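Colleague: Structure incoming, see below.
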Amino acid sequence: MIRKAFLMSVKPEAHAEYKRRHDEIWPELADTLKKHGAHNYNIFLNPETSQLFAYVEIESEERWNAVADTEICKEWWAYMKDIMPSNPDNSPVSLELTSVFYLA
């Protein structure tokens, strides 16, 4: 399993809305993530900075990257762009992190 972590952010006034939308995640999106090999996907919020820390375990980089090409993912990005900094394709602005320690 490949461990990935990345940072995103949410608008300060949208913390509750971000959580609400994820509490009601679309079943088709959750199924798509699972079918593409995503496991143990967690997103944490630092309310003081509005920074999001995401962690996911994936089966392969290719399958993970293919999620972005699905229609449901593109719809989710469009749905979220009003509360997050987004790229021109509506994907959230994110920064992939490098692992510097792991204790199995």
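Residue 1 is the first one shown; counting continues down the chain.
Using the three backbone atoms N, Cα and C, a Cβ is placed for every residue, glycine included.
Annotation comment: Swiss-Prot describes HIS22 as active site, proton donor, evidence class sequence analysis. If you look up Swiss-Prot, you'll see TYR18, TYR41, TRP76, TRP77 marked as substrate binding site, on the strength of sequence analysis.
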Colleague: Rounded to whole angstrom, what's the largest C-alpha distance between any two of TYR18, TYR41, TRP76, TRP77, listed as binding substrate?
Modeller: 17
Colleague: Excluding TYR18, TYR41, TRP76, TRP77, please set out which residues of the same chain place their CB within 8 Å of the center of the CB atoms of the substrate site, keeping sequence order.
Modeller: ARG21, HIS22, ILE25, LEU29, TYR79, MET80, PRO92
Colleague: So what sits near HIS22 (active site, proton donor) in its own chain, CB-to-CB under 8 Å and at least six residues off in sequence?
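Modeller: In sequence order, the residues whose Cβ lies under 8 Å from that of HIS22 (active site, proton donor) (at least 6 apart) are ILE43.
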Colleague: Tell me, how many other CB atoms lie within 10 A of the CB of TRP76 (substrate binding site), whichever protein chain they belong to?
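Modeller: Neighbour count, Cβ to Cβ under the 10 Å cut-off: 21.
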